[in-house]
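Okay, so here's the structure we're looking at.
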């Protein structure tokens, strides 16, 4: 399958090298467009005034945090079911990115909530389930780093990721199932979006920008993880060949 | 004399913050405890604001307890504990340095996380500042007292739970004065300084008694 | 551009987001740099990922 044989790490690295600059460039352009629209073409909201501009970060970050976990869950299936060689690399690389997006969603939501609802935080179903998602991300990151062997760590993390995926529908439908302070769904609904296009379009552009950003960071992190495993293999080989000068290199943090 | 002290301190700090050293997992556990409480107590923000300092203190205590068996266990497993015992340095001082490094790696992050977690519990800014200050003054005491339990249980394979059971009664005064000082900063009758200074005194006392008792326990365990 | 009475919250949101994204980017780039340095150092020592050659080449007896 030539260059599309993504299961081969070397070919994958070559593909990343070709695709990454274009992705990064596109990401910057879409962010520029999105930020311009967020501040200059989107009108102020009738009820919320200028603070609706926080939504252009908060909502895409929240969408991305769930999309990232979904990608991790699919990667975990790839590890456990199809035994794809790059699946656990994908899952491990995605975790810090997803955690950061969840953090952004929580913080911007908090900063939006203070002027709107009068409080930085409330323990309603939507906010609590997103906080639980954040804890799951951090727990997965911790799990990866406690095991020496990346393959075993990948399998353990895959199991935990799949079990935790039950949180995703809870987050999505929490505003429907429970009486929450957080507003109900207004974009991804059965009847279509209820937001006016002048606000919906900048929102979707920012969401596209964040998605491109995710893929750029994800590919870069996957590349790093592949290099890290190569480094580990070479160090093990050096130690096995009993070459003291090289085996005693800089201390390796079990990242 | 200061040469070996600083190298021991640096060694402990590096080992604790290296991956597998679970320095930041303590903060994650702290976050998990704070998240779980409203599920049990109910999401009433007024109630949470009133018991918030207690929740933070209990969370910090539990997170510290969980991290304590790393104080001596790893050294015992690879034999460096025996080396430390035979090194000819005052064992009490060795334990003190290990405790300080352990606190910097695991206790200090808890203190740093407390203001953020206080936002989840709807604490007012004065309460947030007071709780953080009391945790800063009180968590070293938890580590010093915990060292006693850690050295008593170092020979046990699954000593973690017993360690917690041993340490909790000794740590109760610290908890009492920590929460009392945080509450005093918000409500009127008692000034903040009264319980706070007692808390500081407890830490200083623990800083002396902890290493002495811990060193004695380590010597017994080595025989 | 008037950001209204709550402009502080809006600016804080955008700044914190930019900071978080930058931190991620910096982490990935620094990680890459360290990995490249470590790999280069190992390559200098002559350790490669290539499979070992025939057993006779592994011994050093003919070098001494």
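Keep in mind that glycine also has a Cβ here, set from the backbone N, Cα and C atoms.
What you are looking at is a predicted structure, and each value in this text was computed from that prediction instead of being measured.
Per TrEMBL, the stretch carrying the note transmembrane segment among A:199-222, A:223-246 is A:199-222. Looking at A:57-82, A:94-113, A:125-144, A:156-179, the range that has the most CB pairs within less than 8 A of the transmembrane segment (A:199-222) turns out to be A:57-82. Residues 66, 69-70, 72-73, 75-77, 79-80, 87-88, 91-92, 124-126, 129-130, 132-133, 136, 139-140, 143-144, 147, 185, 188 of the same chain sit 6 or more residues outside the transmembrane segment (A:156-179) yet have a Cβ under 8 Å from a Cβ within it. Taking Cβ pairs closer than 8 Å, the transmembrane segment (A:125-144) reaches residues 62, 65-66, 69, 72, 92, 95-96, 98-99, 102-103, 105-106, 109, 150, 153-154, 156-157, 160-161, 164, 167-168, 170-171, 174-175, 177-178, 180-182 in its own chain, all 6 or more past its ends.
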